[in-house]
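Visitor: My structure is below; once you've seen it, I'll send some questions.
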């Protein structure tokens, strides 16, 4: 009886699923499939090699310091870093005194000790990086109705985030003349495609048009302290590395800890394997003797 | 319970004797997972996953309790407190990655444990109660994992909560009030986050309780084994300790290596980048998907796109819940007296078709809701229901199974001297 019911219910569910399939397949077969510009011209980020790649990767502290400088002089105009504290900058190889000095270069919200009124004061190592805008409305008002996202976690909040940040920063192009790697011209393939005023064309951005204008526009926009030539690509690479650190400051510690875990586990598992074989030695027939 | 030839607990140490008289807890452990529990000698590696699932539960409770000491279940600060754990709490990043990947590995192990049950007929008499409790554990794990995923209060947390609680809204008449009651509001917010945290803390202990019942029920008939032939005599079994403690120890090592590779070297590979964006009710992600371990059921939910008497959404909801609830009836749907698929040529073919079907559903559940993915998930869903509700009952009545070995001993050693006396032994039993 229960099996009769089950067969009935099974036939109903699979029948309705197949009905959905039939309708979907009919629609799929009869409807026109217009390829979209977003689908045809969106690019996956380019691969860039970093010192922190791979299981034994380590931060390149000099690169992170360069990246910090790019963030401070370029990105920080609009983007906050609200989950990072100034004291964290010690990870970049700065001494305690240097961290203090770096923190003091930023103005953070404070309270006037005499009047109790809100005021600004120089940052301390214990402070977080300050917000750029007091609220979302102010952010929208200043940025053509777009909110510049916080960058603390940006490289973890996008697929292949480190490469994405780098590619996005160097990927700006003119939609009128843009051709992809296969030589297809966007203007010819999708004549109706347009970048609305106030937006900027970038094939690495999901819908190809983003509010942010190219922030790194020319070589030498930032002057590096270590003498590295500040090409657009170099600045984009360095700031992507820096934002990888802000998103995952414990990455190096994580990989080093993991290496010890794996080494120990390999050793312990080998021992466990031999003790298993040893204990079972008399209980298993020799290979090939059964069946 | 247990077999008459089981070893008896005889404490030698005066202290242990004293304890045993007052509280026979060591005796309980000895009889449950020690030398006092005889287990079929022919269990293969597929039988490791029960112990591993138990290990995962303990791991999740231990890491979870510590995370709860630092986490703040309030919609204003939940996301920030998760980042606080990642950045400022000593070893907080490790605890959180262990907990998040621990959930994934828990489900990996549970699925393998359940599929083992499908193949070797672990749900069949006299083990129906073990199976029923197992399905209860699986459902509780799903509820716990779903609520846990909401806690970091990222975009996927928020929208996942909204979509899944929205399913209750599809129920006619009571749907909308029920959804509001579940969430404590019209959309996920502080009320929902708080209750999810509370239940996410509570349910693992409920799971632990049901696990005890699951193991208790298991110890009455004992484990199945790859032949499906019941234990007949002492030479069919070995004591759990040291034989299976050693084997499970090795299995645990292999499991931990794989687990640590994820925790330490690709901790976010199984997660979704959108969950590193703080929850924003005004911005819908391009693709809302649950964690990977819900993909098959999410694929079934989305497969129903055609209003047939009921709305497509309601069909999807009914199908998704039925997809698991029907496992409760499996012991009575499959009437074949032969347990192991090794001796069921026809069932074995369909078992592997089901595995391919499940693999397809796993893939399709994470894909974009667009063609041709939807069409494939509709076909895969149709097979899923046909398999359990139509094919299994019919196959079990028409199939001609292969001859079974006389005993586990014969299956392992190739011969069993008692086999000629089979008739007399059977008569005695």
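Quick reminder: no glycine exception, Cβ is built from N, Cα and C everywhere.
Automated prediction, rather than curation, is the source of TrEMBL annotations.
Sharing the features that TrEMBL gives for it:
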DOMAIN    B:15-227  domain 'Cytochrome b/b6 N-terminal region profile'
TRANSMEM  B:49-72  transmembrane segment
TRANSMEM  B:97-118  transmembrane segment
TRANSMEM  B:130-151  transmembrane segment
TRANSMEM  B:163-184  transmembrane segment
TRANSMEM  B:196-217  transmembrane segment
DOMAIN    B:230-406  domain 'Cytochrome b/b6 C-terminal region profile'
TRANSMEM  B:250-270  transmembrane segment
TRANSMEM  B:282-301  transmembrane segment
TRANSMEM  B:313-333  transmembrane segment
TRANSMEM  B:345-367  transmembrane segment
TRANSMEM  B:373-395  transmembrane segment
Visitor: List, by number or range, the same-chain residues at least 6 past the transmembrane segment (B:373-395) whose CB is under 8 A from its CB atoms?
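Guide: Distant Cβ neighbours of the transmembrane segment (B:373-395) are 296, 299-300, 302-305, 319, 322-323, 326-327, 330, 333-336, 344, 346-347, 350, 353-354, 357-358, 360-361, 364-365, 367.
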Visitor: Mean pLDDT across the domain 'Cytochrome b/b6 C-terminal region profile' (B:230-406), rounded to an integer, is what?
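Guide: Mean model confidence (pLDDT) across the domain 'Cytochrome b/b6 C-terminal region profile' (B:230-406) is 95.
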Visitor: Below 8 angstroms Cβ to Cβ, which residues of this chain, lying six or more residues outside the transmembrane segment (B:313-333), approach it?
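Guide: Hits for the transmembrane segment (B:313-333): 123-125, 127-128, 131-132, 135, 138-139, 142, 167-168, 170-172, 296-298, 300-304, 381, 384-385, 388-389, 392-393, 396.
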